[in-house]
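J.: This is the structure, below, for whatever I ask next.
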């Protein structure tokens, strides 16, 4: 039996992040501090999402309880493949679950195009978000305390889509205002 604490997972994610950034710096033979600061939004998404998808929501004695991996109790493929089950099953906290799954991934939909110029449209961002959430659901398979749920994939991807729409709309408004100010300045100079 292996107990994984949030601090342990946070440390693991942080070490992996630092190693990956060092490798990228060596490959690129330079470090762009501004870009690295932008990438911290992705790092923040990783550690916050890890908290809520791998560990119980309720605190025990004021602490985040560990997730337990016990090979003898692991039930891989404890899955729900019924789509939109959340519309049928009404249980205590189901609204929080639905809204939480969406809200948790809205920042991902904004951070991805903010950090990566190649993610230049909503479809690309949403597909990356879909891959991210599928990875999360697959990684929960061996954890008997967690459950893989197709609804989580749908709701998380919807969150990424909403975040991407917010990002690209805000960017369009910013570009419009910037262009409008530029046009106004040219008119006043003439």
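Including glycine, each Cβ sits where the backbone N, Cα and C put it.
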J.: Tell me which range among 62-81, 122-141 TrEMBL lists as transmembrane segment.
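T.: Residues 122-141 are the ones TrEMBL records as transmembrane segment.
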J.: Can you name the far-off residues of the same chain, 6+ from the ends of the transmembrane segment (94-115), with a Cβ under 8 Å from a Cβ of it?
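T.: The answer is 35, 38-39, 41-42, 44-45, 48-49, 52-53, 86, 125-126, 128-129, 132-133, 151-152, 155-168, 171.
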J.: Six or more residues out from either end of the transmembrane segment (6-25), which same-chain residues have a Cβ under 8 Å from its Cβ atoms?
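T.: Same-chain residues near the transmembrane segment (6-25) but 6 or more away: 31, 36, 39, 43, 46-47, 50-51, 54-55, 64, 66.
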